[in-house]
Amino acid sequence: MDVKVFDNDTEAGKYAFELIKQGMDNGAKVLGLATGSTPVTMYQAMVNSDVDFSNMTSINLDEYVGMSPDNDQSYRYFMQSHLFDKKPFKETFVPNGLAKDPEEETKRYNKVIADHPIDIQVLGIGRNGHIGFNEPGSPFDAETRKVPLTQNTIDANARFFENKDDVPRYAYSMGIGSIMKSKKILLLAFGENKADAVQKMIEGPVTNDVPASILQKHPDVVVILDKAAASKLSKK
Ligand code: PGA
């Protein structure tokens, strides 16, 4: 894993975007994208640039089950407001939170991923080491599926909701097997509260208890950190 440490998340986000630009210059057509606080500075860099994304396809990692795309807590809404409304893409895929049949929806999404192999996948990491909504214990070979959120993740995401009871209990998430098929992976993490998960991901054993640790086995991962998130790494 290639680890890069920056003074702050603005610089880190700009660097992540530089890698995406390089990838696009070298023919990348499909971006795997993530939501949450972490990728916001990278999306700002994309929006502030003069780069044209209208030939690009995006595939998002996850969506809350039961959440309408118009709901401002949905990941579809997040992506529209942070990126797609400002920088149009050729096509954008996010799981459909309102799908009637979860099995059909996960099949549909797996076909989307199979039909559009991901060139560059952007990831955040949970305090518990999750990637997407692949919580501790998730199988390393899974495809997209409906998953229950752990209490740790519900607590972490409650900050975005008025009431903790409003946080959805299930999500559709791309599986770790699908994530690992991406040609290149950029994992971003900022802040002291990610330092433990980052340390375990990079320096700990590869274990389902820390889903992100599987990234040690991927041939092309760049980990993009601020100083606080890097603070528990033994090698500086
Ligand atoms: P965050 O979430 O970017 O909001 O910290 C990351 C994650 O849980 O994967």
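Using the three backbone atoms N, Cα and C, a Cβ is placed for every residue, glycine included.
Automatic, uncurated: that is what TrEMBL annotation is.
Features as listed in TrEMBL:
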- ASP62: active site, proton acceptor (ACT_SITE)
- ASN128: active site, for ring-opening step (ACT_SITE)
- HIS130: active site, proton acceptor (ACT_SITE)
- GLU135: active site, for ring-opening step (ACT_SITE)
- 18-219: domain 'Glucosamine/galactosamine-6-phosphate isomerase' (DOMAIN)
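Feature map: annotations from TrEMBL on the structure.
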| residue | record | Cβ contacts under 8 Å, 6 or more apart |
| --- | --- | --- |
| ASP62 | active site, proton acceptor | THR35, TYR75, PRO95, GLY132, PHE133, ALA171, TYR172, SER173, MET174 |
| ASN128 | active site, for ring-opening step | GLU135, PRO136, THR150, ASN152, THR153, ALA197 |
| HIS130 | active site, proton acceptor | PRO136, SER138, THR150, THR153, PRO211, ALA212 |
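The average pLDDT for the domain 'Glucosamine/galactosamine-6-phosphate isomerase' (18-219) in the predicted structure is 96.
All protein chains considered, the CB of GLU135 (active site, for ring-opening step) has 21 other CB atoms within 10 Å. Under the DSSP three-state reduction, ASP62 (active site, proton acceptor) is assigned to strand.
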